[in-house]
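Taken from TrEMBL, the feature transmembrane segment covers B:12-30, B:60-76, B:88-105, B:125-147, B:159-177, B:183-204, B:216-236, B:242-260.
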Amino acid sequence: MQYIRVNDLAFHYENEPVLENISFEVNPGDFVMLTGENGAAKTTLLRNILGLLKPTKGTVSLSSKNRKGKKLVVGYVPQQVASFNAGFPSTVLELVQSGRFQRGKWFKKLDKHDKEHVRRSLESVGMWDMRHKKIGELSGGQKQRISIARVFATDPNLFVLDEPTTGMDVHSREQFYQLLKHNSEAHGKGILMVTHDHEELRRYADKHIELVRKEGSPWRCFSMDSCKELSKHHSSFH
Amino acid sequence: MFFYGFMQRAFQASFFISLIAPMLGLFLILRRQSLMADTLSHVSLAGVALGMLIGTDPTITNIFVVVLIAVALEYLRMLYRSYSEISIAILMSTGMAVALVLMGLNDGGATLSMNQFLFGSIVTINQQQVLMLAILTVIIGSLYVLFRKPMYVLTFDEDTAFTAGLPIKWMSILFNILTGVTIAVVMPIVGALLVSAILILPAAISMRLSKSFNGVIFIGMIIALTGMLSGLVASYEYGTPPGASITLIFIFIFALTVIGKKITLRFKQNQFSKS
């Protein structure tokens with residue numbers, strides 16, 4: 001089964017093509033990195049996949065079920081979400097707890113299991129001690145880390161991450177990649193991540209999709225170079 | 001003054017408004033829709049003018065018109081996603097224009113009543129309006145308790161909410177309708193010109209005082225109660241319009257908060273440098 005299946009996708013902004021001939025799949029257990037120069041419509045592609053935009057041509061299917069036949073849970077970290085809503089009146093803990101709501105907790109109280117997930121997620125990004133801080137008081141890197149903690153708290157079947165490591169130091173990035181790798185290898189999670197750190201990430205990812213500028217096109221239109229399988233590198237995370 | 005029936009009704013109404021205002025106000029601020037309340041209050045005038053023209057209860061026509069426009073606002077907000085204030089500009093001017101035209105068609109007979117809706121008046125509150133406010137408070141309070149979590153995620157980031165499977169369009173429309181109905185009911189009391197201030201200011205002040213989401217709502221209610229009740233007393237004592245009196249008290253509390261926070265910060269910095 002595929003969590004994401006993109007088939008010959010094209011997307012036009014008004015009448016101007018920005019994406020063409022995009023086809024790939026993300027299966028359970030896949031760790032896929034999506035790269036491309038600035039303005040290569042990487043975010044546009046993610047938004048098409050998530051249903052936030054409609055493709056002009058081709059099809060995108062996002063599975064409704066996970067590999068166990070239950071409802072697929074998608075964890076999405078938008079680009080620079082933390083800086084977008086920095087003035088939001090919420091503590092770090094409240095925000096990360098909100099990641100658990102989509103696990104059937106919209107109308108129920110969070111239980112011990114949920115709270116344990118939240119604690120572990122905050123600890124995994126080194127933010128447990130700052131849980132009572134207001135999110136607006138955090139630095140850019142810290143905000144990014146709690147966005148990551150939030151998506152880990154959701155414990156989704158499919159991670160869709162748009163440059164989630166912006167503003168994070170090398171050590172934090174490495175830790176994050178190891179965690180993702182562990183999630184894909186040990187728990188069969190699907191991961192699709194837009195990144196500029198492809199040299200660092202290629203040691204962890206299984207597939208690499210690069211959006212490249214389409215030659216001969218009068219517009220700034222991007223297409224897929226190929227979907228390269230990367231050599232398997234087993235993480236040291238335990 | 002507490003023995004007068006109209007003052008009792010005014011205090012009852014203020015109590016209910018104080019409970020509603022921070023709940024709606026916080027979401028309006030976080031959704032960058034602070035001016036939506038202003039737009040709907042301008043549109044409300046058109047609703048009132050229509051009611052007066054066709055000779056029915058202005059509150060009923062008002063609710064009908066405001067609900068219609070609240071839905072249109074959501075449509076325009078999606079249409080001009082990056083410039084959502086355009087929808088506000090379009091509908092605010094439309095509302096005002098329609099109100100003025102309808103008043104003109106009414107041969108100026110409605111001018112006096114219109115003044116009451118523009119500036120608010122304690123004597124205009126009747127038992128039916130207090131009852132409507134009480135029902136509205138129960139509805140909004142229940143919806144807040146029920147939908148607090150989905151609304152939290154929706155206001156934090158709409159794309160995240162959509163990905164989490166929330167019906168963001170219907171939630172937005174329902175929220176706009178509730179805001180519209182509240183404005184239609186509150187307007188005769190505080191006045192169209194200041195209704196948005198009454199909704200927005202308590203939440204705006206409490207956002208500076210509380211770290212948590214629920215804390216902002218709770219402190220907002222205390223601030224709203226303080227401002228509304230003292231504003232009403234001032235309005236009665238000095239014969240000033242209630243909406244304006246209440247708004248000025250909110251602005252005073254806002255200034256106190258800003259100064260208080262600055263003093264606390266400086267005190268903390270001094271303590272830190274001494275240690």
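Including glycine, each Cβ sits where the backbone N, Cα and C put it.
Nobody curates TrEMBL annotations by hand; they come from automatic prediction.
Under 8 Å from some Cβ of the transmembrane segment (B:183-204) lie the Cβ atoms of residues 10, 13-14, 17-18, 20-22, 24-26, 28-29, 34-35, 37-38, 40-42, 44-45, 47-48, 59, 62-63, 66, 116-122, 124-125, 129, 132-133, 136, 216-217, 220-221, 223-224, 227-228, 241-244, 246-247, 250-251, 254, all in the same chain and six or more residues away from its ends. By the Cβ criterion (distance under 8 Å, sequence gap of 6 or more), the transmembrane segment (B:216-236) is not counted as touching the transmembrane segment (B:159-177), fewer than 3 such pairs being found. Under the criterion of 3 or more C-beta pairs below 8 Å, with sequence separation of 6 or more, the transmembrane segment (B:60-76) and the transmembrane segment (B:12-30) do not qualify as touching, having fewer than 3 such pairs. Note on the transmembrane segment (B:12-30): residues 36-37, 125, 129-130, 133-134, 136-137, 140-141, 144, 151, 155-156, 175, 178-179, 182, 186, 189-190, 198-204, 206-207, 213, 216-217, 219-221, 223-225, 228-229, 232 of its chain, located 6 or more positions outside it, place their CB under 8 angstroms from a CB of the stretch. Sequence-distant contacts of the transmembrane segment (B:159-177) (same chain, six or more residues past either end, CB-CB distance under 8 Å): 27, 31, 36, 67, 70-71, 73-74, 77-78, 147, 150-151, 153.
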